[in-house]
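To start, the structure itself, in structure tokens.
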């Protein structure tokens, strides 16, 4: 895993400031502390920071082909590079290293941008084609690796993290006001926009070509949801084979590796597959597993992870996170994320990575299973609403909505907003916070033209005609997964110079899951049905049947650590919250949380992260 940065001038005669390129890569040194490299010539500069995983001696970057006509900087891993290499040799390409980076180079020479369809892995890279004077930027299918770009005086600049772009003179350090509304709804900013003015994400499954000052962005992959029915034989066997193959490919490493183990179904399934593979391969060391717990016993889940570790005989490690560390880490977390993301599980994610890095450089985790196999409880609730809508007359739904709105419990008021609305207006992912009406009351100048419904319309249009569950899964695969789950996973592990691999998101497994019958994903209120069936005789019963948890955060930490900080933060001179939101509504929110604990904590946390982001990147200019 690595960090990349660089730019291409519109004028090919323009000299590139090598010291500026070095500053850009220094800012993302945490992504690659093992080595750094630069390539510059008039009109072009490529920078790289390396975390050595494969071909530790020969894989240095920037890397070029035999005659220096094509250059690359690459972040990620290509898991099928050893399969691609013989084909390229047969076509006449000569290799100087054993690295996957060089395979991408020669694949580009042979196939051009179509080479992306042959790559199996996680990646973000830039290729400079000297003969064409063309830059290619590319990002993997699911968005496991981040890549941002911006324009300045006709030039195109790119980097793995936004902070590298902001160090360039002339790049605007401002707020993208259109992104405030979606952030308040979702707790993250959906791509391609960011909360930074003029900074754009390259979308997953896309590549960008920059030539003679012109930018062209093209899609090369999309997941095709279609139910192929139960007529296919041995769906469970096919699923198990694909999962095992995906895990096996992600064990490729020249450095120590381990697993994040929560004791939930997903991470436990990864441990089960690794155990089987290690037995078949005759490994002489147990698998290393890592779990995190809290100083609040009510939120501690060590017992589940210990049960799985004992069941498979792993070398198990535990880290206890305390409340003081939670609060003190927030500014550092925001700096590493670049983008505001109001998911408190970023904090334990960072600390378990920091702890595991003492033992392993590469770690596997269970991210992605919920999104491809319908693991979230909200999917079931939305399907129930669909069923109600089909059976209950529209006039009666309106009455039900009014009745639910009178209930005091927040969860009932939420259903009141949903029950008489189409799926497109009520399902925007699993992390929705502020409702449309709440945003109109909160913002001094709300912008209804940038509503989440408007942003997501294209995804719902593409999934028209599918079962409602598959429409939700498609939306989450395109937005929630890359812009929340995977961004968090990448930024929090790379902050510790650690590579995270996610076997459930191998694109072949994702494509297979998209063809499954609905009842093999979600049935009788239980999600991830096929995964549970596959693990039925391999995991302890208590692990198979436990409910979804994620990384829980002790609720008491919020009242003790965050609420006092929120009051101080919002009253600061220059506070973004004070600038764009109605102060009386913010004060009311804080007062309600004081009077009725844990009723407004998600909204307050969303504002806290936004204000910290503005303080760090805009007011203090990234320091």
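Glycine is no exception: its Cβ is also placed from the backbone N, Cα and C atoms.
In TrEMBL this protein carries:
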- 2: active site, for GATase activity (ACT_SITE)
- 100: L-glutamine binding site (BINDING)
- 292, 365, 366: ATP binding site (BINDING)
- 2-213: domain 'Glutamine amidotransferase type-2' (DOMAIN)
- 367: site 'Important for beta-aspartyl-AMP intermediate formation' (SITE)
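Everything TrEMBL records as a feature, shown here on the structure.
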| residue | record | contacts (Cβ under 8 Å, 6+ apart) |
| --- | --- | --- |
| 2 | active site, for GATase activity | 31, 32, 48, 49, 50, 51, 61, 73, 74, 75, 76, 160 |
| 365 | ATP binding site | 259, 260, 267, 270, 489, 500, 501, 502 |
| 366 | ATP binding site | 260, 262, 264, 265, 266, 267, 268, 269, 270, 502, 504 |
| 367 | site 'Important for beta-aspartyl-AMP intermediate formation' | 266, 485, 486, 489, 500, 502, 504, 505 |
Original post:
Can you tell me the three-state DSSP label for the residue listed as 'L-glutamine binding site'?
Top reply: helix
**OP:** Compare all C-alpha positions of 292, 365, 366, the record's ATP binders, and send over the largest distance in angstrom.
**Re:** 15
Original post:
Other than its own, how many Cβ atoms are within 10 Å of the Cβ belonging to residue 100 (L-glutamine binding site)?
Top reply: 25
Subject >> Segment-level pLDDT (mean, integer) for the domain 'Glutamine amidotransferase type-2' (2-213) >> reply: 95
**OP:** Give the three-state DSSP assignment (helix, strand or coil) for residue 367 (site 'Important for beta-aspartyl-AMP intermediate formation').
**Re:** coil
**OP:** Could you round the CA separation between residue 292 (ATP binding site) and residue 100 (L-glutamine binding site) to a whole angstrom and send it over?
**Re:** 33
